[in-house]
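Here's the structure, in structure tokens; my notes come after.
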Amino acid sequence: MSSNSTGVFDICDESFRRFISSTATLRRLYTGLTWVEGPAYFPALRILIFSDVAENRLLRYDECNEQTSVFRSPSNHSNGNTVDRQGRLITCEQQTRRVTRTEHDGAITVLVDRAENGKRFNSPNDVVVKSDGSIWFTDPTYGIDSDYEGDRAESETEGNFVYCLKDGTLHVVARDFEQPNGLVFSPDERRLYIVDTGRTHRPKDGPAHIRVFDVGDDGISLTGGNVFAECLTGFYDGLRIDTFGNIWTSAGTGVECYDGQTGKLLGRIRVPEIVANVCFGGGVKRNILYICATTSLYSIRLAVNGCKTF
């Protein structure tokens, strides 16, 4: 697909111009990290919590004073984070192989630490919370593959699954992924997009794509699962959605934007490092895209608003 550039943006479809400002600047907010992941934004506090996975810590970026500090260390090699409908931090801990919630008073509640038949999870990776309060997360093996971002261990499950924790009951919602990774709901929550990064383990022909599922009337069951987009620039990883339903996803050394209905690539933000994850922030406007990219945290202001999730 042909493209042209304006600033740090590559325009692949003219509609992309509606969502960006040609004068927007990619800002490096903080650097010196090892593997940056899992951004979660708290609008009331104007802060972003994110993971430095390999260094076993959570960090906090403050929009008001532009300062970054350690939020929690050790973090049990936390990876994906999100905010639930009550404004609490939900975290995937790769080392302890569990999903936790940080309460408003700072106490940590273990939400789930066992899969089917009492087996331990592999290493919960990314997480989203649906409007009904259910918690959806992926469970690839990255945290147990080595000691780099977890503890090396054998898998106890019969695959790498996608789970939903609803009203205290754990459901397996997808079993046919090689390495399930980032996930996000459409604005109406009728579709669920899930990344598969299986090519990390099968470099020649493993999956490096996003799949899209229809969510059943029960709010749990998934159907479909067709490939939504194939990554030609490395790997997709973490992703978010805007109020128009466009997908903004990490993709190699950049962030790519796709039409949420057709899967058409609209444009790309060039970033000087490999991008792992993204998150919308910027107070009530939600028009700042935070980018976690290998050693650094970046931001860029867009002309579109992130989908409100609580």
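Every residue gets a Cβ built from N, Cα and C, even glycine.
Automated prediction, rather than curation, is the source of TrEMBL annotations.
Noted in TrEMBL for the protein shown:
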{"type": "DOMAIN", "residues": "36-293", "note": "domain 'SMP-30/Gluconolactonase/LRE-like region'"}
{"type": "BINDING", "residues": "Glu37, Asn181, Asp237", "note": "divalent metal cation binding site"}
{"type": "BINDING", "residues": "Asn125, Glu149", "note": "substrate binding site"}
{"type": "ACT_SITE", "residues": "Asp237", "note": "active site, proton donor/acceptor"}
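Everything TrEMBL records as a feature, shown here on the structure.
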| residue | record | contacts (Cβ under 8 Å, 6+ apart) |
| --- | --- | --- |
| Glu37 | divalent metal cation binding site | Phe50, Ser51, Asp52, Val53, Asn79, Gly80, Gly238, Ala276, Asn277, Cys292 |
| Asn125 | substrate binding site | Asn79, Gly80, Cys92, Gln94, Phe137, Thr138, Asp139, Pro140, Tyr142, Gly143, Pro180, Asn181 |
| Glu149 | substrate binding site | Trp35, Val53, Ala54, His77, Asn79, Gln94, Tyr142, Gly143 |
| Asp237 | divalent metal cation binding site | Asn181, Gly182, Val195, Thr197, Thr249, Ser250, Val275, Ala276, Asn277 |
Cβ neighbour count within 10 Å of Asn181 (divalent metal cation binding site): 30
Remaining residues near the recorded divalent metal cation site, that is with C-beta within 8 Å of the centroid of the site residues Glu37, Asn181, Asp237: Gly38, Asn79, Gly80, Asn125, Asp126, Gly182, Val195, Thr197, Gly238, Ser250, Ala276, Asn277
